[in-house]
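Visitor: One structure is given below, represented as structure tokens, and several questions about it will come after.
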Amino acid sequence: MENQDSKNKKPNFQLKGPKKSDLQNNPGCSRAIFWVLSLLMIFTVISLFWSPEMKNKPNEKNLSEIVKLVRENQVKKITIENDRLVIAKLKNGEEVQATKEQSTSIVEYGLDPNKVNIDIEYKEGSAIASSILIQFVPLLIFIGLFYFLIRQTTNANFKAMSFGQSKAKLASTSKVKFADVAGLKEAKLELEEEVEFLKNPARFKKLGAEIPKGVLLIGPPGTGKTLLAKAVAGEASVPFFSISASEFVEMFVGVGASRVRDLFAKAKKNAPSIIFIDELDAIGRQRGSGIGGSHDEREQTLNQILVEMDGFDTDDSVIVIAATNRPDVLDPALLRPGRFDRRVVVDLPTKTEREEILKIHARNKPLDENIKIDKVAGQSVGFSGADLKNVMNEAAILAARENHTTISQSHLHQAVEKVILGPERKSRVLSDEEKKITAVHEIGHAIVGHLLPECDNIHKVSIISRGMALGVTWSLPSEDRHITPKEKFEQEIAQLLAGRVAEKIVFGRFSTGAANDLRQATKMAKRMVTEFGMNSSLGARTFGEKEELIFLGREISEQKDYSEKTAEIIDKEISSIIEQAEKVAEQVISTHRPELDELTEILLQKETIEGDELDKILPKK
């Protein structure tokens, strides 16, 4: 039983390490100052050089020329500003100006004051302001540029120093608990021990047990690996550092290894703590097969992780949890004891677990009283936890779109269909001939799938377009299956070919509608022959070892480990399986031709036939 005091006690810890300077904490403030200074300088320059006085400045002339104009009686008025500037307004409306020496009378230049009106003006304020601006504008410009250069240099130095720092996010208080994780009983049991190691390490050390350094979560995408890691941190009430493996590597050499060192240093300072690395395969791939310098950097990062996990002191209560859906490509050095000691499989949920997951995601959603979650769990075979969350969200969106106050069974049913089959495309208009071909094709699938015992139950047949498909036949297994017999493969291939066979029987020709069916049937038959040994002439062995090019990250090539003669036999076996399945489909449809015609007409009228309606018209024997 869990200690109630420790459960209610709130964690009190903080990240230890250097803080950013005020300049980096508030970059907007320094940016604003820079722009204010820039605008001030621009305004000053504009006021100096584009002022009305500058724009309407009179033509410059020598003072002797102005005296000559006065003698010729062309000047109407002369204005002397600040005992220096002589402005002459001519009778034709123009203005000319000249400068004279201060404290020197204009009469000394030969001007007769009796021949023209002379005004004397003093503008001390304007002169002083202009003088001050002229003196200080260059200084302001210099200060602004100096500040800008210093700021840029400071930021560049800070970025250069912080480039090697870890980008891991610190979640100091994880609110996720094991109660929030539905299903995964075995996985939670393994991780509960990790929590006990962090909470009470002395109990284990007394018996000589060492704290496991690493836990590797293995499973398909969306099954809850990240959620489990958060739950461990939430239960243990310790700092939780989370990072994606791809965030370690950058274009600069050495950055990845530096970030690894920084991350582990922070985790040790805040011990006990947890480091969670998501998508470990991004940097944990097997070394030695990379091409190019980027893979040298990735391998350096991986080497640093190996060193850090080996270099843990026994007193450091730091646990590394990593998640991957590609354990087959990981470097063997990562998987050895002493690094990732434990491997926890996080598989797709069973029907019971799907029901539990749906109930968790339905906590904050108003459901109808008569809703049946178990029915939705039965329809969602092969769904991950993320898919089930999406189903509940889509159902809520559908209910809101229809202005309902609660989520009904119909909304959940439509949401499951949308996630599996894609959204309906009622806007796609088919001709009558195309509709009939599609209806015959889908009814062919439905009849063979309904009557052959190893095929899954037919849930729905529809000629409403969904995604790229013109029609769909939706089958659901009655239970979760983990082993598939040969007969099930053969009958499922017959069901895949049934649409094509029905078209041939009714119309006497084939169409392109069976392209995807043929692709799936061929793939299934090939796996029967080359992977499962389900053949009559090749024996119990596999063919075609897959070779993975690590730097591309996909199984893009298949190594040919057999002769040309064996390849011919494989082709014949695949063709034989497909031909035999096609004969089975043709026999079933020919026997039930009346039902084919009847169901086709019903489907053309209603566009959708449920599995119960199909059973009434065509009961199983």
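Counting starts with 1 at the first residue shown.
Placed from the backbone N, Cα and C atoms, the Cβ positions cover glycine too.
Unlike curated records, TrEMBL annotations are generated automatically.
Annotation source TrEMBL lists region 'Disordered' at 1-24. Summarising the annotation, TrEMBL assigns transmembrane segment to 32-51, 132-150. TrEMBL lists 211-350 with the feature domain 'AAA+ ATPase'. Here TrEMBL flags G219, P220, P221, G222, T223, G224, K225, T226 as ATP binding site. Annotated Zn(2+) binding site per TrEMBL: H441, H445, D517, in sequence order. Annotation comment: TrEMBL describes E442 as active site.
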Visitor: Go through G219, P220, our binding-site residues, and report the one whose Cβ sees the most other Cβ atoms within 10 Å.
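Guide: When each Cβ's neighbours within 10 Å are tallied, G219 tops the list.
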Visitor: Name them in sequence order: residues not among H441, H445, D517 whose Cβ is within 8 Å of the mean position of the Cβ atoms defining the Zn(2+) site.
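Guide: Here the nearby residues are E442, G444, T473, L496, L497, A498, G499, R500, A502, G513, A514.
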Visitor: Compare the C-alpha of P221 (ATP binding site) with the C-alpha of each of the recorded positions H441, E442, H445, D517, and give the closest one.
Guide: D517
Visitor: Inside 8 A of the center formed by the CB atoms of G219, P220, P221, G222, T223, G224, K225, T226, which other residues of the chain have their CB, for the recorded ATP site?
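Guide: Once G219, P220, P221, G222, T223, G224, K225, T226 are set aside, the remaining close residues are L217, A323, N325, V346, S384, G385, A386.
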Visitor: Using DSSP, break the domain 'AAA+ ATPase' (211-350) down into helix, strand and coil residues and give each count.
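Guide: Summed over the domain 'AAA+ ATPase' (211-350), the classes give 59 helix, 29 strand, 52 coil.
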Visitor: Given the recorded positions H441, E442, H445, D517, state which is nearest to K225 (ATP binding site) when distance is taken between Cα atoms.
Guide: D517
Visitor: Measure the Cβ-based neighbour count of G224 (ATP binding site), defined as the other Cβ atoms within 10 Å of its Cβ.
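Guide: G224 (ATP binding site): 24 neighbouring Cβ atoms within 10 Å.
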Visitor: List the Cα distance (Å, whole number) between G222 (ATP binding site) and D517 (Zn(2+) binding site).
Guide: 28
Visitor: Let me make sure I understand the structure: which of the binding-site residues listed (P221, G222) has the fewest other Cβ atoms within 10 A of its Cβ?
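Guide: Each of the binding-site residues P221, G222 was scored; lowest Cβ tally within 10 Å is P221.
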Visitor: In whole Å, how far does the CA atom of T223 (ATP binding site) lie from that of H445 (Zn(2+) binding site)?
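Guide: Cα-Cα distance, T223 (ATP binding site) to H445 (Zn(2+) binding site): 32 Å.
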